[in-house]
Amino acid sequence: MALRSIVLEGDSVLHKTCRPVTKFDDRLAQLLDDMRETLSEADGVGLAAPQVGVLRRAVVVLETNVPEGEEPYIIELVNPEVVACEGGQEGPEGCLSVPGRFGLVRRPMDVTVRAQDRHGNEFEVKGHELTARCFCHEIDHLNGIVFTEIASRMLTDEELESGSWQDEAEEE
Ligand code: NI
């Protein structure tokens, strides 16, 4: 495994549509292993292949909704598609490609994703709250969308710290 460098906002690679993964080979396994390591090292909750400069439809997401005493684990999604959404949430969102900045983004509260694993087997996975937000955020990356483009607005450090953005979200 190896760490890969994370592309930062301003790089055109973040605004391109990624191609589907068609070969479930050692190269894909290497990419996913590297993405897992890069995500953990960066202490993030999600990473998409274009963020490491690879224009293929693959993402990793940290599932943090685990029973008490259990460790969060990484979900690998190859060629992911959202197949169902429920509810809504408005909250601050960030991105490893946009370090230190957060914006208010509306997302579904529950999301079901259909994807393939690194061997090409299809499966479905559900995400709630932060995980649902992450699924949507990472799939956006595969379509060349960075959250700063869809945020209702960016937040200041003071707003983040004080939590005052919550009043605004509740007013909707
Ligand atoms: Ni991101």
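Cβ atoms are placed via backbone N, Cα and C, with glycine included.
Residues annotated as Fe cation binding site in TrEMBL: C95, H137, H141. Counted within 10 Å of its Cβ, the other Cβ atoms near H137 (Fe cation binding site) come to 23, all protein chains included.
The feature active site is assigned by TrEMBL to E138. The local packing around E138 (active site), expressed as other Cβ atoms within 10 Å of its Cβ over all shown chains, amounts to 24. E138 (active site) carries a helical DSSP state (H, G or I).
Neighbour count (other Cβ atoms within 10 Å of the Cβ, all protein chains): 25 for C95 (Fe cation binding site). Within 10 Å of the Cβ of H141 (Fe cation binding site) there are 23 other Cβ atoms, across all protein chains. Other residues of the same chain near the Fe cation site, with their Cβ within 8 Å of the Cβ centroid of C95, H137, H141, are G46, A48, Q51, E93, S97, E138, D140, I145, V146, F147.
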